[in-house]
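A short write-up of the structure that comes next.
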Amino acid sequence: MNMQEVYEYLSTVLPEGHVKQDEMLKNHTHIKVGGKADVFVAPTNYDEIQEVIKYANKYNIPVTFLGNGSNVIIKDGGIRGITVSLIHITGVTVTGTTIVAQCGAAIIDVSRIALDHNLTGLEFACGIPGSVGGALYMNAGAYGGEISFVLTEAVVMTGDGELRTLTKEAFEFGYRKSVFANNHYIILEARFELEEGVHEEIKAKMDDLTFKRESKQPLEYPSCGSVFKRPPNNFAGKLIQDSGLQGKRIGGVEVSLKHAGFMVNVDNGTAQDYIDLIHFVQKTVEEKFGVKLEREVRIIGEDKE
């Protein structure tokens, strides 16, 4: 299928300005890397997502979904087919102690809404830079909390465009993982069950976690957060630091001097710079300590020709 035809058709389905050709994906990731998307669409509701999926299935066009791009490296060759950004699907409702949040809502914003309603349970998320969908996809967590602790169910869309409601058990949550890495479901919304709390206590905890994050993490540079999962009985950052790798740079990307678990884009780095540095760190740590660091960040897209 000719991508010009795909662009022209989807332009009749989505609002004006929500379909683009050859969109640079570095503009849609936190680390500011990534090549072009053949066709880039940003639906505003579930019906538009279904229309894109059905059209893509009809003509066998590959589809890639993006949240807010906080925990992903898109290769320099970009993404073929249709790239679907979910950043406009951002509704959040509160009923009693239940919050229902759509996939594109920032999990930080949801934690603040919980605070506004004196609800406790999402304080840990006050510094996580991902979307709700991304947070469920990887069972995001920090400071002793994680999404699986508060999620009760979620609405997903299958690869055929069918809506389903799944209970938490169906997610098969583990440490920084869920079943969604192995199926073709799209997370559309999540239902969180929280508890009534005291506003001042909730805010104090969030302020404390924010201070810890700002004092320890290199927020002054683009990054994708923690690059590696925590190995059993150890810390990725400590292993990297003890390997003497802080400040190690490949191209425009370096291991942060502030927190060794982060890799920061300090000088117009590329996706390949990130990938090469990740491999170098993994190889060095394994040689020194016999520990294989497992990536937490996702790598998608095509290599640059």
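Just so you know, glycine gets a Cβ as well, placed from its N, Cα and C.
The domain 'FAD-binding PCMH-type' annotation in Swiss-Prot covers 33-197.
The active site annotation in Swiss-Prot covers Arg176 (among others). There are 19 other CB atoms within 10 A of the CB of Arg176 (active site), with all protein chains counted. Arg176 (active site) falls outside any helix or strand according to DSSP and counts as coil.
Residues or ranges marked as active site, proton donor in Swiss-Prot: Ser226. Ser226 (active site, proton donor) carries a strand DSSP state (E or B).
The active site annotation in Swiss-Prot covers Glu296 (among others), and the record cites sequence analysis as its basis. In this structure, Glu296 (active site) belongs to neither helix nor strand by DSSP; it is coil.
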Separation of alpha carbons, Glu296 (active site) and Ser226 (active site, proton donor) (Å) = 7
